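Feature list, courtesy of Swiss-Prot:
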type    : residues      : note
DOMAIN  : 43-309        : domain 'PPM-type phosphatase'
BINDING : Asp87, Gly88  : Mn(2+) 1 binding site
BINDING : Asp87, Asp232 : Mn(2+) 2 binding site
Amino acid sequence: MITRMKNWPCLLKRFSIQQFHQFTHLSGRLERAPQSGKSSRDPYLVTVVQGRSKKPRFPGERSNQRFGEDSWFVSSTPLAEVMGVADGVGGWRDLGVDAGRFAKELMSCCSGQTQLSDFDGRSPRNLLIAGFQELSHREQPVVGSSTACLATMHRKDCTLYTANLGDSGFLVVRNGRVLHRSVEQTHDFNTPYQLTVPPEDRKESYYCDKPEMAVSTRHSLLPGDLVLLATDGLFDNMPESTLLSILNGLKERGERDLLEGASRVVEKARELSLNASFQSPFAIKARQHNVSYSGGGKPDDITLILSSVEVPSV
């Protein structure tokens with residue numbers, strides 16, 4: 001992914017299939033603190049997080065809630081379960097900027113907003129707006145840009161609310177089939193919509209998309225549904241059919257089974273990203289846009305949040 005800048009002669013930076021061979025790895029179950037006001041009969045999400053960085057982290061880089069230039073958060077409130085992923089735009093590396101820091105700070109701001117008393121869990125787009133405003137209005141804001149995909153499951157009506165800006169995204173899987181899938185927002189090939197805080201002296205050089213441009217959706221959920229949020233490192237390398245074949249192999253929906261399934265998805269996406277002969281979704285899109293690309297997968301950071309909708313046993 002790149003930063004879109006006005007008057008740049010080339011919008012695509014080629015990826016070398018041999019460039020990234022080592023991936024750092026992190027996964028985990030999420031421990032939830034009890035929530036006052038939450039009914040013991042409300043539906044809830046069993047959630048795991050899995051991911052890989054496309055290359056080893058540099059010394060001192062914080063690993064918490066980051067996979068390379070990707071970031072994520074999960075939050076639980078009395079009204080809703082909330083999760084989000086963000087993909088820092090890699091083009092900032094050429095300007096000497098940590099491309100993942102902006103994504104990390106954006107997710108941190110969004111997570112903090114969920115703890116405010118007026119958060120009702122039904123508008124992740126408003127959550128994204130508030131999180132971005134908090135980040136961009138700091139006295140010394142973090143420079144950079146990222147995509148963002150947020151989702152909330154409101155407990156009382158068991159409804160999934162989403163807001164997606166860029167080419168990260170979400171899936172809802174029911175009975176082995178994709179029930180809903182987000183649609184990418186792009187300016188051009190490999191140039192997604194992105195939230196941006198530009199350098200103070202170069203504001204006119206950047207296209208700055210607004211959080212209000214995020215696409216919002218609403219979907220009723222049922223017990224047993226799977227909700228998946230991921231960055232483009234997954235979607236650019238793994239066909240939907242391959243993803244479903246792994247998810248449909250889950251025998252149970254407990255944390256251990258979900259974590260095993262999420263790990264298999266990430267490992268397979270990593271494998272495909274390094275396969276120079278694989279006709280990946282990214283390679284297919286490049287061909288559709290008449291972009292010269294040697295084919296194969298696209299080495300990238302991969303972040304995945306996988307949740308199963310559950311109801312308390314009586």
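Cβ coordinates come from backbone N, Cα and C, glycine included.
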List the Cα distance (Å, whole number) between Asp232 (Mn(2+) 2 binding site) and Gly88 (Mn(2+) 1 binding site).
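Per the Cα atoms, Asp232 (Mn(2+) 2 binding site) and Gly88 (Mn(2+) 1 binding site) stand 11 Å apart.
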To see if you understand the setup: which same-chain residues, six or more apart in sequence, place their Cβ under 8 Å from that of Gly88 (Mn(2+) 1 binding site)?
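Sequence-distant Cβ neighbours: Glu69, Asp70, Ser71, Asp98, Ala99, Gly100, Arg101, Phe102, Ala103, Lys104, Gly144, Ser145, Ser146.
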Given the binding-site residues Asp87, Asp232, which one is most crowded in terms of C-beta atoms within 10 angstroms?
Asp87
